[in-house]
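Feature list (source: TrEMBL):
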| type | residues | note |
| --- | --- | --- |
| TRANSMEM | A:12-35 | transmembrane segment |
| TRANSMEM | A:41-64 | transmembrane segment |
| TRANSMEM | A:76-98 | transmembrane segment |
| TRANSMEM | A:118-136 | transmembrane segment |
| TRANSMEM | A:143-161 | transmembrane segment |
| TRANSMEM | A:181-205 | transmembrane segment |
| TRANSMEM | A:217-237 | transmembrane segment |
| TRANSMEM | A:263-288 | transmembrane segment |
| TRANSMEM | A:300-319 | transmembrane segment |
| TRANSMEM | A:331-353 | transmembrane segment |
């Protein structure tokens, strides 16, 4: 497979885009329903596990340069490594399908009410397939142009919707104790943070200049957390914890409370679309390249179209109704955390033990 | 339903026509195997969805496996809703 290279700066933009991702729309209600007015603390709680995961991935990349997670898991653990990377590939596939489903759900319930969902599924996947066919370099360049604009747009929307802000709604702080905040923090660690960071195990090895990549990625990560913190805080101070926890897309509901907010709604949709496409396209890319590495193929390009069909089918079929979808968020935490953090940790521990044992064998 | 079936069939024929002849000419049997391994479940599930056949749903499996653990976590943190 021919090597593609991206710069560290492009990698940071991809990281910011994929962490914010679809969680820009979903995270406020999911955290507020558990932690009420203290939900804004949840993103900050998840910075520590996030930074640990980044350092794990960077250190693994240093030990096995030029290899993706799928490749080094088999070179560290041998045959069990193949099964671990198969689990990881399934995780990427399912994550991408859920992302796609949430995007389509958002579009059909906010603006495109009468469009059949399968049309939206098809065109979003077609767009992503085209992006992946062009390669990672092109995608990274496109997103390093798009993401800064989108962040500026997000900040403009933030200013507009803060007109009705009432900061009294943040009080009383920690009235229900610390446990709900910890639960919300765990959910936050599983849903936007861990899943987006683990995708970078398939990207980091393609960064050209690896000096200081850990610090650069960490700063991008903290910035994304800050944006999500702003979004959650905005939902609390404009809508109040009760109303924000009842609406699925509290970010859109917050805008609708402002007079003339309908004008901002298309911008909001554009905003959400760019962020969530950047996450979906990375899932897609990680899955396709992962399968190619796993089966030791020469090129990942023949796999793009069947993988797209698989994403679309799984996205449509994964849930039967909205209630199932809503209850799944609590299961996602216990399902995803072991995969997102457990597999890199296991590989790292095994790699360290292996490298410690090597010199003693030679002596 | 007939229209949907037609569209699904056309879509899969296009996918196969775009990739398979090139792979066969270049004799990339490994790639072809991976290609069909991904395409086969996609074909089965898309016809299953159109014809309303009950196929095993991976989400249900995950829910069944992890639901007790999720409940346990909620009890532990006292956030049962």
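Just so you know, the numbers here start at 1 and follow the chain as drawn.
Every residue, even glycine, has its Cβ placed from backbone N, Cα and C.
TrEMBL: automatically predicted annotations, no manual curation.
Below 8 angstroms of C-beta separation, residues 64, 69-70, 195, 198-199, 202, 280, 283-284, 286-287, 290-291, 293-294, 307, 310-311, 314-315, 318, 336, 339-340, 343, 346-347, 350-351, 354 of the same chain, each at least six residues beyond the ends of the transmembrane segment (A:76-98), sit close to that stretch.
Long-range contacts of the transmembrane segment (A:181-205) within its own chain (CB-CB distance under 8 A, at least 6 residues past either end) are made by residues 6, 11, 14-15, 18-21, 23, 26-27, 30-31, 34-35, 38-39, 41-43, 45-46, 49-50, 53-54, 57-58, 60-61, 65-70, 88, 91-92, 95, 136, 174, 213, 217, 221, 225, 228, 279, 282-283, 285-286, 289-290, 329-330, 332-333, 336-337, 339-341, 343-344. With pairs at least 6 apart in sequence, the transmembrane segment (A:143-161) and the transmembrane segment (A:41-64) have fewer than 3 Cβ pairs within the 8 Å limit; the two do not touch. Counting C-beta pairs under 8 angstroms (sequence separation of 6 or more), the transmembrane segment (A:118-136) fails to reach the transmembrane segment (A:217-237), with fewer than 3 such pairs. Touching of the transmembrane segment (A:217-237) and the transmembrane segment (A:143-161) is concluded from the presence of at least three CB pairs under 8 A, sequence neighbours closer than 6 excluded. Tertiary proximity for the transmembrane segment (A:300-319) is limited to same-chain residues at least six positions away from its ends with a CB under 8 Å from its CB atoms, namely 1, 93-94, 96-98, 100-101, 104, 117-118, 121-122, 125-126, 128-129, 132-133, 284, 287-289, 291-292, 325, 328.
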